[in-house]
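Per Swiss-Prot, GTP binding site is recorded for 19-26, 90-94, 144-147, and the stated evidence type is sequence analysis. As annotated by Swiss-Prot, domain 'tr-type G' applies to 10-292. Annotated region 'Disordered' per Swiss-Prot: 292-312, in sequence order.
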Amino acid sequence: MATAREIPLNRTRNIGIMAHIDAGKTTTTERVLYYTGVSHKMGEVHEGSAVMDWMEQEQERGITITSAATTCYWLGMDQQYPKHRINIIDTPGHVDFTIEVERSLRVLDGAVAVFCSVGGVEPQSETVWRQANRYHVPRLGFVNKMDRAGANFLRVVNQVKDRLNANPIPIQLPIGAEEDFKGVIDLIREKAIYWNEADRGRTYELADIPEDMKAEVQKWREKMIEAAAESSEELMDKYLEAGDLSPEQIRQGLRQRTLANEIVPILCGSAFKNKGVQALLDAVIDYLPSPTDVPAIRGEEDDGSEGSRSASDDEPFAALAFKIASDPFVGTLTFFRVYSGILKSGDSVYNPIKGKKERIGRLLQMHSNSREEIKEVRAGDIAAAVGLKTVTTGDTICNQQNIITLEKMDFPEPVISVAIEPKTKADQEKMGVALGKLAQEDPSFRVHTDEESAQTIIEGMGELHLEIIVDRMRREFNVEANVGKPRVAYRETIRRSIEQQGKYIRQTGGRGQYGDVWLRIEPREPGAGFEFENAIVGGVVPREYIPAVEKGVREQMENGIRAGYPVVDVKVTIFEGSYHDVDSSEMAFKIAGSMAFKEGASKADPVLLEPIMKVEVVTPEEYMGDVVGDLNRRRGMIQGMDESPAGKIVDVEVPLAEMFGYATDLRSLSQGRATYTMEFLKYAEAPSNIAEAIIKQQS
């Protein structure tokens, strides 16, 4: 048995705070750190000193890019709980960083969704919400900025219902709004809470509910109790008998339904004005899961069978690396979530994805950007290790005697690329090192060298993503670089099936070369990827040459069919062929496979695919006509229009190629008042006139 822990596992919460860019997520996190006693002076984003945003660019741009993990402790607003440990993973809200969000959601157990009381549910909130649904993450909602002009709590609650298809259950109501926002009503305790402004909200007083709010409170309290009662027959019977439930029963019922993802308890406040954050921390403890409340993580055992690891110190050690960060003081930091077992500093771990054993140097518990060295980590913990060389994002690290590979994360393919070159000879070598490190940290960022032009090409999820990479090269690695024009990552595919022979024979004195194959090349569903099948019977092509044929096909796919872009979504089957006892070789069959694919694919109705982006524009009504006209000129397909407090929302699908420089154009169209978000949606066939122009340009 493992030795007793300082804080039992059921008193640990691994949470993320997710939100749209300006909903006030970083300020909320800051206040959490302040009230839990970690942070002695509150950081403000608009002064550029927030604790969580520790990369320089984040402080300049005021947006959060890297998900730092922070540990803090909470005893409750009235010191009513035993000590709980809360690990907070900061998630970015900008759409170019969806990969960061995916990563953090993968290792959290619960989340707090922060909404702006004025902007409500923004397009970005919808994206993150969908991602959280995919990982079945239980959530609380916090309607922030209740002190802002235009604040409206119930409107946001309705948007959570209508736009996010969630079931919001307010457990608080605001007292007043805008500059009259004074405090909140706790619907469970039936009390008003007023935070004391003199000590920055550290103390508060409980008071009776204001007369003019009693009817409203009664209405929402009943909805909340009904939601709690629906958690079990037992509670429902008690409610029907007594017409009420005790505070403990309400919390128990709400917790059960939150963990089952049936409801989202909603709270409100103003983080900036120090109102409501401690009550939010209490709700994290009351309603969000501990590692023991979530299902055991699944994975693949060493023998290929399905296995799992439950959150216990007594199980074999298994953890998932979810973030790699370069740190100026200690080198590479690997952030990981422990799912089972115990790891001590100095232990060796096994990485089944890379097939490598590594020794853990130091273990650090992170407080945003300061660090505390610890001796061990246990199931449910989140920590950072120093000194791991081969581990990349999404890898498993585990006990060597009990190998398991935890489910890998899926990372999106990059959709945009730019050529980049160092400004001076001295920068040349440093640039290679810098790009390598950045690619190790961020799986949605790729680097390769273009064979023809010998240029270094970097690829990513959007213009902002690549701008920040170039910016980090300059700051962290002192590399100055010139950046080319952004280029779109087109793809090619085929529309019909074909059978094609590829025969490679060279007989010129001495040993010749002989490879002969017949391939069937067929289109697959969009997004289905590449499949290679061996249907050879009777050994007409010996088995040892089959991998060479596949290799030849794959290499030719990288070179494209008509325009030199990678081919996707095809199935290739080798079904016939012949060989020569002496002259056949892997090389010959690789060339034969490559020839057959090149020849066959070019006759199979090849088409060019272009990335289509899902774009949402929010614009004041008076610019609506210009904005829509401009989107139509960009080959946009309008999918729908909606109203929001910030103006009209236009939902549109636009080819990425037409979106370069859109930020600047939109600013001038709307005098800086319209905003947009953009994320990759799918690849679709480019119209023939566009495709022809691109092919011509390529050749």
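Glycine is treated like the rest: Cβ placed from N, Cα and C.
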Cβ neighbour count within 10 Å of M146 (GTP binding site): 30
Three-class DSSP secondary structure - A19 (GTP binding site): strand
Local Cβ density at A19 (GTP binding site) - other Cβ atoms counted within 10 Å: 28
DSSP-derived class (H/G/I helix, E/B strand, else coil) of M146 (GTP binding site): coil
Three-state composition of the region 'Disordered' (292-312), taking helix and strand from DSSP: 2 helix, 9 strand, 10 coil
PLDDT averaged over every residue in the domain 'tr-type G' (10-292): 83
